[in-house]
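Quick look at what Swiss-Prot annotates:
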MOD_RES   2  N-acetylglycine
DOMAIN    32-121  domain 'PPIase FKBP-type'
COMPBIAS  149-163  compositional bias 'Basic and acidic residues'
REGION    149-190  region 'Disordered'
COMPBIAS  179-190  compositional bias 'Basic residues'
């Protein structure tokens, strides 16, 4: 899609966007450090695939900045958006270095990863936003529920009062119709 971007400043981590994300897509952040990715890892020297999540269609999840993945991934994933697919070229010092990762990755290997950022989310048990913001939101919801309950109770009371008033009016009309001299044998003069 474009030229490779030098993310490390020394040519050690190059990123080339294969598919752009939607403009409003989210990116990993301090609030959303856990990422889910699909990837395919290739040895640059012989283009042999050494690892992929595509075969079993399971995403690989990890938290950025914890050292749980190679340095190039921490650097590159922070620049991606959900839905983006990028080709990341990693020099050995940003991958597995002199040690490699036997048996699949030899020492001093340059690696190429095609990575799709599938999702980013908060740490388990954490929420986006601060605890005080969450408390304030819950307090506001509680107040809204109390106001709604009071309004409902008020409406119920008004309906009961209206029913009682209507019953009193009907009773008054019935009593008026039964006035003196209109009933059977009551007070009729002969």
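Using the three backbone atoms N, Cα and C, a Cβ is placed for every residue, glycine included.
The DSSP breakdown of the compositional bias 'Basic and acidic residues' (149-163) into helical (H, G, I), extended (E, B) and coil residues amounts to 15 helix, 0 strand, 0 coil. As a whole-number mean, the pLDDT of the domain 'PPIase FKBP-type' (32-121) in this prediction is 95.
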